[in-house]
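Right, one structure below, let's go through it.
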Amino acid sequence: MPNAYKRVLLKLSGEALMGDDAFGINRATIERMVADIAEVVRLGTQLAVVIGGGNIFRGVAGGAAGMDRATADYMGMLATMMNALALQDAMRHAGIEARVQSALRMDQVVEPYIRPRAIRQLEEGKVVIFAAGTGNPFFTTDTAAALRGSEVGAEVVLKATKVDGVYSADPKKDPSATRYSSISFDEAIGRNLQVMDATAFALCRDQKLPIRVFSINKPGALKRIVQGEDEGTLVHV
């Protein structure tokens, strides 16, 4: 079966790396994620990753109360760097070649973000992990995913979450909530569905870059999406 996508951008939240822990990085969880990523890479799909940092520090969280927002956001960017290095290390152990490119320079540890280099590495079959968000405060890693996905020519942004798609309401609070198989950007905005933050959402819509929302906890979901199966919710123009 030919793959439905040649190049994808996977958005992983920092919280997804915690597993059942209260904070930090759960090694078993990250190894399971890497096993799913390895399957996709071996199918021949080029894969880039944007990683969040909420498992370590979040600029808008309670721990940042009273702190200058820009300072808190820069701390969050450093948290994404830790997650990116952990992800790269787990990939190396799984036999996957991965590169970390950061929007903030830390040359002894990771490469700086250079778009042509990132594209070349993807074409060579390497996984490229984008760290430090956009490199600017006041922008989320969701926005970084929309930006990097647009820059490297990804065909879709795959947003891995704790639920298996976009629902009409919070399924944890409303048992009657229904999951959308697909929904347009305009409809999602009109219904105030929290797929991504507004800036990220608007960028994807303007660039006609679809978003596929799926559960990171569902085994094989990433592979099924790449092979064209109807997994989670597709948000489209």
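Glycine residues also receive a Cβ, built from the backbone N, Cα and C atoms like all the rest.
The structure displayed is predicted, hence computed values, not measured ones.
What Swiss-Prot records for the UMP site is Asp73, Thr134, Gly135, Asn136, Pro137, Phe138, Phe139, Thr140, Thr141, and among Gly44, Gly53, Gly95, Gly165 the residue it adds there is Gly53. Between the binding-site residues Ser13, Thr134, Asn136, Thr140, Thr161, the minimum number of other C-beta atoms within 10 Å of a residue's C-beta occurs at Asn136.
Taking Lys11, Gly54, Thr161, Asp170 as the binding-site residues under consideration, the smallest Cα distance to Phe138 (UMP binding site) is found for Gly54. Nearest to Gly54 (ATP binding site) in space, judged by Cα atoms and limited to the binding-site residues Thr134, Asn136, Thr140, is Thr140. For the pair Ser13 (ATP binding site) and Asn136 (UMP binding site), the Cα-Cα distance reads 18 Å. One residue stands out among the binding-site residues Gly53, Gly54 for having the most other Cβ atoms within 10 Å of its Cβ: Gly53.
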